[in-house]
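Per Swiss-Prot, the feature region 'Disordered' maps to 1-41. The compositional bias 'Basic residues' feature in Swiss-Prot is assigned to 1-15. Annotation source Swiss-Prot lists region 'Important for host CHOP inhibition' at 169-173, citing similarity to another entry.
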């Protein structure tokens, strides 16, 4: 069976579940619920959330979804919001009076911060005085170096020693090579 025939026989995927409004309070059941969409299309924005919520139930592992990929078919419409038609302030602000409570908090805040004295400083940076500073013992070079650094220092020292002794010994060894009978 050719790939083209397989594609043409494949059923068209159903659009995913739409978000339904959650259960409302018993006192608000008589109010109509409106569904407001930001965009007119039903394109969702989060495929992982759609999978978790069960929006991709009709997808199987063997389907080639990339061949007929369509955002409208694979994603949930996550850009819809449900709103109540009327606002019932009795249930919304249960026991909280906006004007008086907010006014009380603001007056307490202003009273507290008006009593706090803030000292303005001309200089932005301050350094500690000498008696507060901690004295640090200087470490020896050997204490700070690891074994690889000590090996490198030894190698340089031996190279210097060889170069210094070569100057002295080369003259003596050169004379021995020139007159081997003389020194025996």
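Cβ coordinates are placed from backbone N, Cα and C, and glycine is handled just like the others.
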Per-state residue totals over the region 'Important for host CHOP inhibition' (169-173) - DSSP helix, strand, coil: 5 helix, 0 strand, 0 coil
Folded-back contacts onto the region 'Important for host CHOP inhibition' (169-173), same chain, C-beta under 8 angstroms, at least six residues removed: none
